[in-house]
Ligand SMILES: Nc1ncnc2c1ncn2[C@@H]1O[C@H](COP(=O)(O)OP(=O)(O)O)[C@@H](O)[C@H]1O
Ligand SMILES: O=C(CO)[C@@H](O)[C@H](O)COP(=O)(O)O
């Protein structure tokens, strides 16, 4: 029995699953936490990955591994392969002005047509621009730039500090993660003009591997191309055209598999690639489970009591509306926004209404994401809900109610890591396996369109949109 492993190195933690390459059966798993914050030294991811591998019983009997990771994080390496500075993550908004400058200089249309995506602070290119403007010595020392999943795959393949310029040439990535950099185009490859205009020079960049291409580690183990975490989730749930995946983790994402690229000059829809050779138009928000976690902490309750409270309040939370822009926002592009709670009266200010308003606020911002995707031509035949937030009964019910659609919720699992494992099995055998998916719960709540209408009025008023 050949075993394969999948890794999800995402914002809050690292998860490892080890599966039977033929059947997909889960054999072992492990996880470890990442430090909080929007600036993290990659060594912390490596430490967490090794801990997660150890708790999963090690990789000695594993034939192939793929890593899926949080997208966009800027990992800069010097000529020796040392990390130049802690990575700026996808949810770090300090490069918002750099993003605005790039859009002014080339125009939103150029970015949408060339890279698929109009830059916002999340994209790697804007972080390189911030680096060149604010830490010119670090920018000058940067000999190679890669993404979190590229760096971890490179470390797994036996490279690292001290690898030198030969080691840097072994860096590899895939289309899905390259498509979130802002300096890669699905039709033209790396865009040297964007690198010159941001970092100030063209560094060594990871080779963009095909979906089933791979490197090997010194023991001969396959290290697959890997992917961005959202593309990994797409692989993990077996998303096909017509499926819209909603992932509620640190980020909230709404995305679909598409046979053709999108180019949305309004900037709402990012025109990413997927991990199979298709495209992955995606809307991403900065405010999802952390808003729920923070509200639950305020109410001094755990996840299950929080869900019970939220479901004990009526739809619309007796008039309370929470606009969830606690971390600024990316979609819509409001990096300096803050969250707010509206409609307070002496009667409706209860823990249950506050819990319900928090869930509804997060879900309404995702419903706007689905609207943007359908406006961009994506046809939604089925909605699949995944991510840590999908473990919440309140979130599951309220997604279906606010979207006004039945929602498929695969049984709780690590679908990003599963997608990476599926890719590893594909690299091992030369074709993606058709693993049987686990049980799916269909949630079909009574639609509450008025909740979204009122949210939109308040969100627009408070954000000046
Ligand atoms: N039952 C639950 N209800 C609500 N949120 C939950 C529940 N279980 C986990 N979470 C939240 O899910 C998040 C982790 O989800 P995950 O998809 O792993 O995030 P990421 O991939 O961004 O690291 C955490 O913020 C955690 O508090
Ligand atoms: O920036 C994006 C997508 O464009 C985020 O989806 C990151 O990829 C982080 O994902 P999670 O850790 O929240 O899953």
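Cβ atoms here come from the backbone N, Cα and C positions, even for glycine.
When secondary structure is read from DSSP and collapsed to three states, residue 229 (active site, proton acceptor) falls in the helix class. Within the same chain, the residues at least 6 positions away from residue 229 (active site, proton acceptor) whose Cβ sits under 8 Å from its Cβ are 8, 9, 10, 68, 69, 70, 71, 149, 416, listed in sequence order. Residues or ranges marked as active site, proton acceptor by TrEMBL: 229.
In the three-state DSSP scheme, residue 71 (substrate binding site) is classed as coil. Positions annotated as substrate binding site by TrEMBL: 71, 72.
Feature annotation from TrEMBL assigns domain 'Carbohydrate kinase FGGY N-terminal' to 4-199.
The feature domain 'Carbohydrate kinase FGGY C-terminal' is assigned by TrEMBL to 245-427.
Residues annotated as site 'Important for activity' in TrEMBL: 8. Following the DSSP three-state reduction, the secondary structure of residue 8 (site 'Important for activity') is strand.
Summarised as a single figure, the pLDDT of the domain 'Carbohydrate kinase FGGY N-terminal' (4-199) averages 98.
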